[in-house]
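Okay, structure first, notes after.
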Amino acid sequence: MVKGASIIAVLVLSLISSCYGQVTVGYYNDKCGTKDVESIIRGIVQARFSYEPAIVAFLLRLQFHDCLGDKQCDASLLLAGPGSEQTAVPNFTVKGYDLIDAIKAALEQECPGVVSCSDIIAAATRDAVVLAGGSYYDVPTGRKDGLVGLASNVDLPPPDISVAGAIQYYGKEGFSALETVVLLGGHTVGVTHCSVIKDRLYNFKGTQQADPDLDAFYVFFLGNIICPMAADMFLFLDSPDSVVTVDNSYYKMLRQHKGILPIDNAIAFDPTTSDYVKDLANNNNYFLDLFGKTIVKMGLIGVLTGNQGEIRQVCSRTN
C-alpha cells in the first residue's frame, strides 16, 4: 500500500507546484530591506515554543480553521468583532492569535505594509511543526488578507463526522482519502475537552456503557484519571509521551483502539482508510513527508493575491 500511496503523494506534490500562481516560495526575498522575513518569524516562534511547546497545536488548528472554515486562507479568522469567524462555535477554543499579532508587530517595525497576516500564519505554523519534530517544508507566500470574516460562513466538520462524510468534506477542496487521513494526523498534537467524549466513556449510544471500540484499559485510564464524570479537562488526542511531538504515534494509537474522537477511531478500521492508517503508523518518515505536503496544499485554498484583499496593518482589523 505504501508504494501506491507514495505515487499519489508525488502526484499531489506535482499538482501543488503547478498551482502556486502568484504565491511563490521566497516571495519576500529582498522585500524587507536587509531583513529576512521568514527568519524574523522563525525567531519569534522559536522563542514562544521554548516555554510553550503546545503552540504547535494552537497554530496548526488556527491555520486549519482559517483555511477550511470559510475555504479561504486569508487570515479572515483573525478579524475580531461581533459576528466574526471567531464567534462561530467551532472557533471558540482557537488559540495563538497573540503570537501572530506579535510577529506582525515585529514585521511592521522592519518593513511596514509588506507582510500579510495570512502568510504569517502559514510560515509560523511550518516553523512550529519543525520545532516539534516535523519535517521542514517550503511555504509559498505572497497571499493577501481578506476583508471579510463572518461566523455565518464557517463550515467545519464535527468530531463525530463519518469517514464517508470526512472524505466528502475534504474531497470538495481537492483532497484524496489519503490526504484526508494525513490532515487528521494534525491530531498528533491536538487537544479536545473531556465533554466531547463523555458519551464514549459512560453512555455510548444510550447503553450506559463505554464504546466497545475503545480499548478497555484505556477507558479505565481516561475515566478515572483524565476525564472523571464531573470533570471537563483538556484531553490530548495522542499518546501522553508524544503530545507536543509531530510524529506518527497518533496512527499507532488508533490501531490500538485508542482513538479519542469518533472520527479518529473510525478511520483506523473503515475499509476505505484503514490501510492508509496502517502505512502511516508503520513509517514515521512517510507520515512527516506527506504531512508537510498536505499542509502546503491546504494553505493554498482560496488564496488572495495581486489586487485582491489587502495587507493589514493590524491582523485583527481591516485597514
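The backbone N, Cα and C atoms fix where each Cβ goes, and this holds for glycine too.
According to TrEMBL, the feature signal peptide maps to 1-21.
Regional average pLDDT for the domain 'Plant heme peroxidase family profile' (22-319) in the model is 95. The feature domain 'Plant heme peroxidase family profile' is assigned by TrEMBL to 22-319.
Sequence-distant neighbours of Cys32 (disulfide bond) (same chain, six or more apart, CB under 8 Å from its CB) are Ile40, Leu107, Glu110, Cys111, Val114, Val115, listed in sequence order. Residues annotated as disulfide bond in TrEMBL: Cys32-Cys111 (among others).
The annotation site 'Transition state stabilizer' is assigned in TrEMBL to Arg61. In sequence order, Val94, Lys95, Gly96, Gly186, Gly190 are the residues of the chain that are 6 or more apart from Arg61 (site 'Transition state stabilizer') and have a CB within less than 8 Å of its CB.
Taking a C-beta cut-off of under 8 Å and a sequence gap of six or more, His65 (active site, proton acceptor) has these contacts in its own chain: Leu77, Glu85, Pro90, Asn91, Val94, Leu156. As annotated by TrEMBL, active site, proton acceptor applies to His65.
Residues near Ser76 (Ca(2+) 1 binding site) in space but far in sequence (CB under 8 A, at least 6 apart, same chain), listed by position: Asp66, Gly69, Asp70, Glu85, Asp145, Gly146, Val148, Gly149. The Ca(2+) 1 binding site annotation in TrEMBL covers Asp66, Asp74, Ser76, Glu85.
Annotation source TrEMBL lists disulfide bond at Cys67-Cys73 (among others).
A simple way to gauge crowding: the CB of Cys315 (disulfide bond) has 22 other CB atoms within 10 angstroms, across all the protein chains here. What TrEMBL records for Cys117-Cys315 (among others) is disulfide bond.
The Cβ of Pro157 (substrate binding site) has 17 neighbouring Cβ atoms from other residues within 10 Å, across all protein chains displayed. Look at TrEMBL and you will find Pro157 tagged as substrate binding site.
The feature heme b binding site is assigned by TrEMBL to His187. Cβ environment of His187 (heme b binding site): Leu237, Asp238, Tyr250, Ile260, Leu261, Asp264 lie under 8 Å away, each six or more residues apart in the same chain.
Every protein chain considered, the tally of other Cβ atoms within 10 Å of the Cβ of Asp247 (Ca(2+) 2 binding site) stands at 21. According to TrEMBL, the Ca(2+) 2 binding site annotation covers Thr188, Asp238, Asp247.
When Cβ atoms from all protein chains are considered, those within 10 Å of Cys194 (disulfide bond) total 20, not counting its own. Feature annotation from TrEMBL assigns disulfide bond to Cys194-Cys227 (among others).
The Cα atom of Asp74 (Ca(2+) 1 binding site) lies nearest to that of Cys117, taking the recorded positions Cys117, Thr188, Asp247, Cys315 as the candidates.
Put simply, Cys67 is the one of the recorded positions Cys67, Thr188, Cys194, Cys227 whose Cα lies nearest to the Cα of Cys315 (disulfide bond). Taking only the Cα positions, the spacing between Cys194 (disulfide bond) and Asp247 (Ca(2+) 2 binding site) is 23 angstrom. Shown in sequence order, Cys73, Met298, Gly299, Ile301, Gly302 are the residues of the chain, 6+ apart in sequence, with a C-beta less than 8 angstroms from the C-beta of Cys67 (disulfide bond). A gap of 19 Å separates the Cα atoms of Cys227 (disulfide bond) and Thr188 (Ca(2+) 2 binding site).
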